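Taken from Swiss-Prot as is:
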- 503, 504, 505, 506, 507, 508, 509, 510: ATP binding site (BINDING)
- 152-435: domain 'ABC transmembrane type-1' (DOMAIN)
- 468-702: domain 'ABC transporter' (DOMAIN)
- 301-389: region 'Part of the peptide-binding site' (REGION)
- 414-433: region 'Part of the peptide-binding site' (REGION)
- 16: site 'Inter-subunit salt bridge with TAPBP' (SITE)
- 1-6: topological domain 'Lumenal' (TOPO_DOM)
- 28-56: topological domain 'Cytoplasmic' (TOPO_DOM)
- 78-98: topological domain 'Lumenal' (TOPO_DOM)
- 120-148: topological domain 'Cytoplasmic' (TOPO_DOM)
- 170-187: topological domain 'Lumenal' (TOPO_DOM)
- 209-266: topological domain 'Cytoplasmic' (TOPO_DOM)
- 288-293: topological domain 'Lumenal' (TOPO_DOM)
- 315-374: topological domain 'Cytoplasmic' (TOPO_DOM)
- 396-408: topological domain 'Lumenal' (TOPO_DOM)
- 430-703: topological domain 'Cytoplasmic' (TOPO_DOM)
- 7-27: transmembrane segment (TRANSMEM)
- 57-77: transmembrane segment (TRANSMEM)
- 99-119: transmembrane segment (TRANSMEM)
- 149-169: transmembrane segment (TRANSMEM)
- 188-208: transmembrane segment (TRANSMEM)
- 267-287: transmembrane segment (TRANSMEM)
- 294-314: transmembrane segment (TRANSMEM)
- 375-395: transmembrane segment (TRANSMEM)
- 409-429: transmembrane segment (TRANSMEM)
């Protein structure tokens, strides 16, 4: 709560004083005497202040404390009246009270405000406007659960049955006590015991079926959310993955989706069960003793006030824990994924220290969460114990007055204890539900994100020549728009020709390959394939016709066949072997135990570097592409394999772009393009350059 804004508090004070002045006049004489008039006065103050502050746009800043300001007086005198003869039952209306009483009322609000400001986490109030979106998120979660509606209906039916059975058990427990305490009636005693057993068995069976139905629905919802999120992530643009850490994405896919699926099956389940049971239990409590029931209701404001202080702190620390766990997971993935590099540089201890620091941050947050939760539970328990003592005191008075039997008081205490338990469940599950809705907000932000990509094309001609034209192409990465990577590139890749693209590191060679695969869009100029803009081609068609083999090929866990036929449907074994033969991979595949069905391990860890390159080339060739891009992908191949690749290229006049660093590659090229600082270097300029790439091209020209 922001204490630095006096305007809303001054407005609240002036409006309240004006309203009290009206209630002190003839309007106040219309209110009934005693407690009903006191409650009517408080309710009237609350409604008028709430409406006026909402119209004035100030409700968000001071609305939390309106119930405290308006209802403290009725609650106090109601407690005095319900306790009985031990205290006076005369009432004092705020409108007609002395200035000292009014100042005490305002002082209680000021003290509560100070406690709230100290205990609430920083920025809690600023986050409240965003929480208005929780209702929309909950509705969206319900819509997401629509396919599981039959299972949820069954679960809620069993929930209602379990609650119904459970509510009768304390009633018959009280009857047993009354039978044992008075004239013993064997038939009545046997009947009470029978119904206790019947309701207990029925409650247990219904609760088990309820839990099983909710868990089944939860598993289906969880799988559906994960599938949708993973599908959405794979369709994002590359800039998104450059800006978002892998650990964060893994956290969303694992922990956040689980929290989302629990929202209905766990949170809504317990919340609805507790709500229905609280209403039903209060009905039975009213049958036993209305006076004790109204006295027990006074525990609700204290519980809500404690929740108002605890819940924002709990939500804040949970969000910090989510981020800390994601960072710790990121450290593990980086260290394990780059284990060879870690060992090569002897950095094992450094990675252990990084992970220890990340875990220490998690430990601090976990300790803070558990400490605050423990204090909250202690306060709740003390309040519940105090209320039980008060109810026992008043209950004994009613027993002595003959208003309640001993069994009735026992039933009431059992009901009251169960009500307290379910009220705490309502408060706790409300906070937990907000946590899960917060996780849903992050997941939905990914599901709703629209990739910065052009509309998918539809061109899929039966025959493609493979002519590639860069026409004054410029490009800057989305994360660094002020720094151009390519500037005004104009050149043509001809079918049946090999074009070597050379240049120093950072000159834009890999960016040219990325543009040619339609991974990014030029910021200027046009990129044409057979005279048509690249973006107009169908996505799957384009990536069968234009294929890249990288310098460090990426393989996946699975068999040799799975990796060669990756992304293709109904790829026959004969096609796989033909591509492997063209890539000179058939020799080592034939030596494997299961041939093309042999598992190669995670990222192809069971293969040598040269074998990985051959499999990657075979994966490209099996698509029979018209344009092949080799990013120094033949560095680990022998002369025979390179010659086989040249033979494959010349068979159907395919277009080949080779990003080269070796003289041998440049000498075999039909065309050499030199990039420097994102621009093509002309041959006249090349003669004046003294770097290694100019030397390579000059040697090729002289040859």
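Each residue, glycine too, has its Cβ placed from N, Cα and C.
It should be emphasised that the depicted structure is a prediction, and the values quoted were computed from it without experimental measurement.
Positions of the features from Swiss-Prot, shown on the structure.
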residue : record                                      : Cβ contacts under 8 Å, 6 or more apart
16      : site 'Inter-subunit salt bridge with TAPBP' : 45, 49, 69
505     : ATP binding site                            : none
506     : ATP binding site                            : none
507     : ATP binding site                            : 675, 676, 677, 678
508     : ATP binding site                            : 475, 485, 486, 675, 677, 678
509     : ATP binding site                            : 501, 502, 503, 631, 659, 675
510     : ATP binding site                            : 631, 659
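The binding-site residues 503, 504 differ in how many other CB atoms lie within 10 Å of their CB, and the one with the most is 503. Using DSSP to sort the residues of the topological domain 'Cytoplasmic' (209-266) gives these counts of helix, strand and coil: 53 helix, 0 strand, 5 coil.
Those same-chain residues not listed among 503, 504, 505, 506, 507, 508, 509, 510 yet with C-beta within 8 angstroms of the centroid of the ATP site C-beta atoms are 675.
Same-chain residues lying 6 or more positions outside the transmembrane segment (375-395) and placing a CB less than 8 Å from one of its CB atoms are 82-84, 289, 291-292, 295-296, 298-299, 302-303, 306, 310, 404, 409, 412-413, 416-417, 420, 424. Here the region 'Part of the peptide-binding site' (414-433) has Cβ contacts under 8 Å with residues 138, 170, 173-174, 263, 267-268, 270-271, 273-275, 277-278, 281-282, 284-285, 288, 292, 296, 299-300, 303-304, 306-307, 310-311, 314-315, 380, 384, 387-388, 391 of the same chain, all six or more residues outside its ends. Secondary structure of the topological domain 'Cytoplasmic' (28-56), assigned with DSSP and counted as helix (H, G, I), strand (E, B) and coil, comes to 25 helix, 0 strand, 4 coil. Taken together, the residues of the topological domain 'Cytoplasmic' (120-148) have an average pLDDT of 66. Helix, strand and coil counts under DSSP for the topological domain 'Lumenal' (396-408) come to 8 helix, 0 strand, 5 coil. A coil conformation is recorded for residue 506 (ATP binding site) in the three-state DSSP classification, outside any helix or strand. Proximity of distant same-chain residues to the topological domain 'Lumenal' (288-293), defined by a Cβ-Cβ separation under 8 Å and at least 6 residues beyond the stretch ends, is recorded for 82, 174, 282, 391, 394-395, 398, 403-404, 408-409, 411-412, 415-416. Counting residue by residue with DSSP, the region 'Part of the peptide-binding site' (301-389) contains 85 helix, 0 strand, 4 coil.
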